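These come from TrEMBL:
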- 10-212: domain 'BPL/LPL catalytic' (DOMAIN)
- R49, G50, G51, Q52, V53, T54, Y55, H56, A145, L146, G147, G158, V159, A160: substrate binding site (BINDING)
- K142: site 'Lowers pKa of active site Cys' (SITE)
- C176: active site, acyl-thioester intermediate (ACT_SITE)
Amino acid sequence: MRGFTEQRGADTPDEIWLCEHPPVYTQGVAGLPEHILNPHGIPVVQTNRGGQVTYHGPGQVVAYPLIDLKRLGIYVKEYVYRLEHCVIKTLEGFDVTGHRVPGAPGIYVRLDDPSGHAPLEIALPAERQGIKASDPFRGLGKIAALGIKVSRHCTYHGVALNVAMDLNPFHGINPCGYAGLETVDLATLRVFTDWATVAERLGSRLASHLSP
């Protein structure tokens, strides 16, 4: 991924990589060591993506769009919006409503009404450290994490959507730097599907929305 981005030229076609990782924690450039509570022997890998710590493991669709933003004609903010939009539309196909939370990248769902469309009313604390997420995130679960890197106007890293996974490793960290933030997957929401189906749908969305 990083090597592809470093070696690509102006005419290199864009690619979208879809994969499923073995258990691993990845720490972003903004990550703090105190947000790794108990890794339980799971490797912790430092990365150069944005954001803080998250977990990857079996049952999670990870998408790495390798996109030339200059050629596509968009800026980073629009790119992030499109990534989130693709996740939201993928979830919509399973009758699940995904929500954005300003200041907290990723996609969230209402635990009491996963298919409801009422807008969220949430105010995040200005300072994360030492502040539990239970109040601002009460009633919400994070179903997709997002972290990107842009080098010479080309993107790598990407987005991870939880399908049906062992969620216990998320208790070993403060996901995205928020203590107590609940992480969910489609299975938690009583949506039972397979990895390949979600990967195909998310990949198709990304290809459609990230093509010139």
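Every residue, even glycine, has its Cβ placed from backbone N, Cα and C.
For K142 (site 'Lowers pKa of active site Cys'), the nearest of the recorded positions by C-alpha distance turns out to be C176; the candidates were R49, Y55, V159, C176. The substrate-binding residues named in the record, R49, G50, G51, Q52, V53, T54, Y55, H56, A145, L146, G147, G158, V159, A160, extend over a maximum Cα to Cα distance of 16 Å.
C176 (active site, acyl-thioester intermediate) sits 10 Å from Y55 (substrate binding site), taking the C-alpha atoms as the reference points. Among the listed recorded positions, namely R49, K142, the Cβ with the most fellow Cβ atoms inside 10 Å is that of K142. Within the same chain, residues at least 6 positions away in sequence whose Cβ sits under 8 Å from that of G147 (substrate binding site) are T26, G28, T47, R49, G50, G51, T54, P105, H157, G158.
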